[in-house]
Ligand SMILES: NC(=O)c1ccc[n+]([C@@H]2O[C@H](COP(=O)([O-])OP(=O)(O)OC[C@H]3O[C@@H](n4cnc5c(N)ncnc54)[C@H](O)[C@@H]3O)[C@@H](O)[C@H]2O)c1
Ligand SMILES: O=C(O)C[C@H](O)C(=O)O
Ligand SMILES: [Mn+2]
């Protein structure tokens, strides 16, 4: 393009990190060469927000609402986050889960703009560095959310379309914790796709070949990690929605080398633990006494089991005894040491057939619940409706307040609905769901349903890590983050939720960030000197204003 075509003024209006639109003052308009390029009135950000919110409300469907918000995001980040700050609980399900799932499924049809994302192609490892540089465009990147989209939520492989989850996660980071939106970068690793629907779609925008696996895949991932290390030395690298066979491998390979975490393994682990701790503060129970069934022992299910086990060990239970309290159920049924096709993560939690009189019958969730009488049942199976009335009522016959978290996302994949769980257990179940759930009115009591979604934790976790310049994300930090939510919910109220409401996301993300940063400093993991942790967190916080 000729230099003259892109004027400085157009640059300003088209750059979402600096654009103010109708809020550019007359002085700024004169200075920047914007005279006559905007209507006469100079608006305040509040006026812009009011106008945009009214327009938002006129949109009917979730996807239309999301589209509208994405356009605003593309045009003016400050205004977008100002507006989102006013409506966090309302916008979360639109920019993030569950509507983000629809946008991923329809990415080709409704494609608008890459929203400053970096698209890496497995076919061009030589372009990794240039791609990251181009996308960063000189910005000081502190946070990358990267996905290869092999396991998007519970919907499987969505190829390049999955970039929307990286974008959505980052939007939540800023809205919740206040990371500067100019310091983040969403990254798509396009390793191909095994999704037949996408492969046969003439509109599909990603690489049209099967997923590349093995050394070529891991070498590419390594090339990406090494490039981010040299380009962005202050980076926190967040992995999202990788497939079951890669997620844990990648985390294990890099977690002791760079500042990194996997959200599906660790973000989910700490939000579920926080939810269980919330439930136990209602029942006055102890973590050491729980018996846990995880239904769906994949990336999230095993991550959750490890986080709960870590907590049991911190409570003084020996590792050997703690392991006995976990019962992982996957497609094969209860996982035994002789079960075929176990993943490395599953192998840590198997049982011996000799422990049961009817081991060979333990191939269904129903049979396992009867056999082990769990106090906690977690769903990360991607199998909708599998927490049936029979299973739930059976569980409730062994334990006074069953803790039941159906976590598979999006909405259509949840193992159960909150209202059913409350009704089937006559109000006894302590419930949290993966997507937002309305209050449940039952026999004159209002039950608030916590959202056990990693979005409650990762923004505070990540922000605390970045603000404290931590060189690592370790078990101690994760444990502290889980405990940070304790005391926020009034657990004495009848029908209290096990986790704080998303309406308070910004407040408790701040609390989590401070607790995380303190842990970093206590462990001397900070790369830069920090004398006042609260101040370090406060100084890093970005607020949307002109
Ligand atoms: N709420 C949250 O914060 C949160 C976080 C992470 C994942 N999740 C949800 O959890 C689900 C799983 O995610 P993941 O990343 O662990 O995926 P994954 O593919 O790694 O794991 C899913 C597991 O479920 C198993 N499974 C499939 N069908 C089954 C069946 N009929 N019976 C028993 N097990 C079965 C699979 O074999 C696999 O091990 C997804 O729906 C995802 O959205 C929720
Ligand atoms: O994206 C979400 O809503 C949570 C989680 O990371 C998931 O994969 O389901
Ligand atoms: Mn995820």
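Glycine is treated like the rest: Cβ placed from N, Cα and C.
Just so you know, TrEMBL annotations are computer predictions that nobody has curated.
Quantities reported herein were computed from a predicted structural model and do not represent experimental measurements.
For 96, the entry in TrEMBL reads active site, proton donor. In the three-state DSSP scheme, residue 96 (active site, proton donor) falls into the coil class.
Among the features that TrEMBL reports, active site, proton acceptor is placed at 169. Cβ neighbour count for residue 169 (active site, proton acceptor): 28 (other Cβ atoms within 10 Å of its Cβ, all protein chains included).
For residue 240 (divalent metal cation binding site), other Cβ atoms within 10 Å of its Cβ number 26. Feature annotation from TrEMBL assigns divalent metal cation binding site to 240, 241, 264.
Here TrEMBL flags 409, 453 as (S)-malate binding site. Residue 409 ((S)-malate binding site) falls within neither a helix nor a strand when secondary structure is assigned with DSSP, and so counts as coil. Sequence-distant contacts of residue 409 ((S)-malate binding site), defined as residues of its own chain at least six apart whose C-beta falls under 8 angstroms from its C-beta, comprise 97, 98, 101, 153, 154, 434, 435, 453.
Feature annotation from TrEMBL assigns domain 'Malic enzyme N-terminal' to 73-255.
What TrEMBL records for 265-521 is domain 'Malic enzyme NAD-binding'.
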| query | So which other residues, same chain and not among 240, 241, 264, have a Cβ within 8 Å of the centroid of the Cβ atoms at the divalent metal cation site? | reply | 147, 151, 152, 165, 239, 242, 247, 262, 263, 299
| task | Mind checking which of 241, 264 has the fewest other CB atoms within 10 A of its CB? They're the binding-site residues. | result | 264
| Looking at the recorded positions 96, 169, 240, 241, 264, 453, which have a C-beta within less than 6 Å of some atom in ligand 3? | 240, 241, 264
| said: Just to be sure I understand the contacts, which recorded positions have a Cβ under 6 angstroms from any atom of ligand 1? Candidates are 96, 169, 264, 409, 453. | reply: 264, 409, 453
| Do any residues at least six apart in sequence from residue 96 (active site, proton donor), in the same chain, have a Cβ closer than 8 Å to its Cβ, and if so which, in order? | 168, 169, 171, 172, 455
